[in-house]
Amino acid sequence: MKHIVKHIHFVGIGGAGMSGIAEVLVNLGYQVSGSDLARNAVTERLEALGARVSIGHDAANIEGANAVVVSTAVRSDNPEVLAARRLRVPIVPRAVMLAELMRLKQGIAIAGTHGKTTTTSLVASVLAAGGLDPTFVIGGRLTSAGANARLGTGDFIVAEADESDASFLNLYPVIEVITNIDADHMDTYGHDFARLKQAFIEFTQRLPFYGSAVVCIDDPNVRQIVPLISKPVVRYGFAADAQVRAENVEARDGRMHFTVLREGREPLPVVLNLPGLHNVQNALAAIAIATDLDVADTAIQQALAEFNGVGRRFQRYGEMPAAGGGAYTLIDDYGHHPVEMAATIAAARGAFPGRRLVLAFQPHRYTRTRDCFDDFVNVLSTVDALVLTEVYAAGEAPISTANGDALSRALRAAGKVEPVFVATVDEVPDALAKLARAGDVVITMGAGSIGGVPGKLAQDTQQKG
């Protein structure tokens, strides 16, 4: 590609999916520019690496670019997209650019409705501990690397494969992971769950004859498609027919302790520095891949025991002062689908048994809130206290029957928790100050702007201290 394309421009360069690819391309020696609506830590990092970042979208920003990269979040009437069309500069979907990177190395693509970011991070960490020095592109900040992407010298690139817009079908990896299949982003698939499952089957058809599909056999929808996968399959999970299986699972001190059974191998005792059964499954995917690539068991154990997590995935902010004295534990999580939320709540209950659980939740997208309305009511009813904000629209038009007020009314009718409704995220800190008590576990949760709340709480605490 480099003999033709020298300068690559990213529209929305500060986004989690775009910034990682941009960083790898900078490190490969490409001239990279980009634009976004606001400056953040990610754009500042890219600028420090040599990328040119413009704040605001303007046709002039793409000057000199040989290609313009866009995600599905970028509107077709964006001035930079219109300028690229007018100048006949190729407009490249994000997934297609990721596919180009995968052509340079052997790709390991992590797919599934939930758990992609954590699983991708675990795979990258285990391979790095095994000396394979992988390139990785992750949808969240890997704490140990201080970034969501890195150009390694090894043969492998580990990346998330996004099913939300079916763009994962652009990828041709040599190893694939399918963590689970659940009803989300159903607009892409015409609200037809069979079409969604078929897309995952087609994803496995991108594998070469020597490739493998590493699948979580605990998930009933994944189990249904396994007979339809024509390439070699490695099953992981808790089920009896898993080829990489966890047993003797125990939660202790915020960590998961378990033993891994693999065909033809000695039992492997593992301590995972993450809470929750869902994270044990994510770790099993990494163990399955590492075993296949002959990573030493000691390296696997070390990487999982020392795993420092990913930004906004059960990210611990420490102890915050409660208004009545004492302190509460603050955690932030990206969960925005009822299944993910239930897993995080269960992990918190396991990590902090007997403690009161307070959740501040910002729903993400009106369509998701509409499609999963009853499931949201059910999962939100399992916490001890709740702050609920208006829906983060993510560009969608409001739906009056699926907004924050409608969800609040349904929760009150269910009668298990009394939600404190706030119209904006800016009101969350004050609401939590009134609600949180000493000894509580407080989780801020959602895929929208609520991600800025825990940092503000921590900063305010630091300034007062």
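Backbone N, Cα and C define each Cβ position, glycine as well.
Over in Swiss-Prot, the protein carries these features:
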- Gly112, Thr113, His114, Gly115, Lys116, Thr117, Thr118: ATP binding site (BINDING)
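When the binding-site residues Thr113, Thr118 are compared by the number of other C-beta atoms lying within 10 angstroms of their own C-beta, Thr113 comes out lowest. Residues Gly112, Thr113, His114, Gly115, Lys116, Thr117, Thr118 make up the record's ATP site, and a Cβ search at 8 Å around their centroid adds Ile110, Thr119, Thr179, Asn180, Asn282, Glu340 from the same chain.
Sequence-distant contacts (6 or more apart, same chain, Cβ under 8 Å) of Lys116 (ATP binding site) comprise Ile110, Gly139, Glu160, Ala161, Asp162, Thr179. The Cβ neighbour count for Gly115 (ATP binding site), using a 10 Å radius and every protein chain shown, is 23. In sequence order, Thr119, Glu163, Val177, Ile178, Thr179, Asn180, Ile181, Cys216 make up the list of same-chain residues 6 or more apart from Gly112 (ATP binding site) whose Cβ falls under 8 Å from its Cβ.
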